[in-house]
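Structure, as structure tokens:
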Amino acid sequence: GFGADNDLYINQAIVFIEDAIQYRSINHRVDSKSLWLYRWYYSRTCQWILGFTITIILALAFIEEPSSLTVTSDVRYRLPAWNPPCGLTESIELLCFLVFLLDVSVKSYLIGWKEFWKNKWLMAYILTLIVSLADWIVSLSFFCTESVRIRRILRPFFLLQNSSMMKKTLKSINSTLPEMASVVLLLAVHLSLFTMFAMLLFARTKDNQQDKEWAVYFRNLPDSLTSLLVLLTTANNPDVMIPAYSKNRAYSIFFILFTVLGNLFLMNLLTAIIYNQFRGYLLKSVQSSLFRRRLGVRAAFEVLSSLKETPANAQQLYVSAGALQQVLQKVEMDSRCKQTIMRSLKMCSCDQLSAAQFQKLFEELDKDSIMQHPPSPEYQSPFMQKMQFAFGHPYFGYLGNVVALANIISICVVLVLDADKQPSERDDFFLGAINCFFILYYLLEMLLKILAMGLRRYLSYPSNRFDGLLTVILLVSFLLT
């Protein structure tokens, strides 16, 4: 009926505004049951469960055979790694796959068949799950003795498809590849030309003593290519040219030319092209995200204007302020943003909002939040006011930085003096006295700042929270030792 229609429009507006906040597409089902499912799927709990499942399936690599997760890397002292019994990691995997199956089913249902066939990521998701489950069945039928496990290679895909940022990066790499191909081809030509020159320059001669360069680095085509490919990363520089350089200094010109052309010119050109393409793509991605946000807000306006409160013969569409307030109360969004929009709505003091006014209200979403710090306490006594002025002043903070620098210098001096001494010869009392002095200063500084600013204002600054926590840790560790 009439009321049910209004409730549906209100719920649709709530979801569209939440889509706008999260930069999501509005192409999904909008009947009342689907809207409930949609909000449940994108709730914090559901998304947290999905994130946790992805973490678990990726973390399995640390305990599955052939894991080498032990305390020491030295094979002589390393205990054999724990080998989980067959079926343990497989059971955890199956639970993860069931969560992913539920995830892909809900996602596919919500966007509808028409959108599903356009969404390549969802198709790839389903294919990955089918292959992974088939491999899982094969694994169990062999009682975990098979050597190739395809599903392990596919695991990172679950993380990839769940992160919009990673999808954007992948698209960007895809659009960058054609531009990169020309420079990579140029690098390949550079490498092959210099490989031929090297094989001609360091060919085998009758004198075995003179053939060290040929024997170690340029014996055949694969060796020559590998030597120069490694030189492109400068990992074997200057080792690769030492035998030839010992024989004749002029040989160094070949290696210098190769490195200058390859490293300083072609490699930098490659980096510049990748950076340029990424920057252009990022700009497009930000624009499309903002467009999705505007689309979500506009969709919310359209459904709210369908409520049976506006005059039917009006030339322009309007939304009542009351309906918008009703929607805002139910929308999950940042409390600061919500309060600002509510305040703007009250200040506007108009019963009907046009599309432009409606859009303007939601421009608050694009603004960064400016944190308001709590006020300092107000002291009555003149002495306390002077104290507050002195210890709340930025110069008092600068003094703290100077003392911290002095602390670092004193520790460095002690370390240099004690570097060659045996542990028994070191003067620990001097270091202890220095530590005691500085810790007491930090404690005093923290207490004076709290006195000047008040505890709430002091804690509202991240730098103060870090300083305070560090001071408490230093004090506890000093008392314990």
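Positions of Cβ are set from backbone N, Cα and C atoms, glycine also.
Per TrEMBL, the features are as follows:
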{"type": "TRANSMEM", "residues": "45-63", "note": "transmembrane segment"}
{"type": "DOMAIN", "residues": "66-278", "note": "domain 'Ion transport'"}
{"type": "TRANSMEM", "residues": "92-110", "note": "transmembrane segment"}
{"type": "TRANSMEM", "residues": "122-143", "note": "transmembrane segment"}
{"type": "TRANSMEM", "residues": "180-202", "note": "transmembrane segment"}
{"type": "TRANSMEM", "residues": "253-275", "note": "transmembrane segment"}
{"type": "TRANSMEM", "residues": "395-417", "note": "transmembrane segment"}
{"type": "DOMAIN", "residues": "395-480", "note": "domain 'Ion transport'"}
{"type": "TRANSMEM", "residues": "429-452", "note": "transmembrane segment"}
Do any residues, 6 or more residues outside the transmembrane segment (180-202), come within under 8 Å Cβ-to-Cβ of it, and if so which ones?
213-214, 217-218, 221, 224-225, 227-229, 232, 244, 251, 254, 258, 261-262, 266-267, 269-270, 273-274
What counts of helix, strand and coil residues does DSSP assign across the domain 'Ion transport' (395-480)?
74 helix, 0 strand, 12 coil
Could you pull out which residues elsewhere in the chain have a CB under 8 Å from any CB of the transmembrane segment (45-63), counting only those six or more residues past its ends?
69, 82, 84, 89, 92-93, 95-96, 99-100, 103, 152, 155-156, 158-159, 162
Could you pull the average pLDDT for the domain 'Ion transport' (66-278)?
89
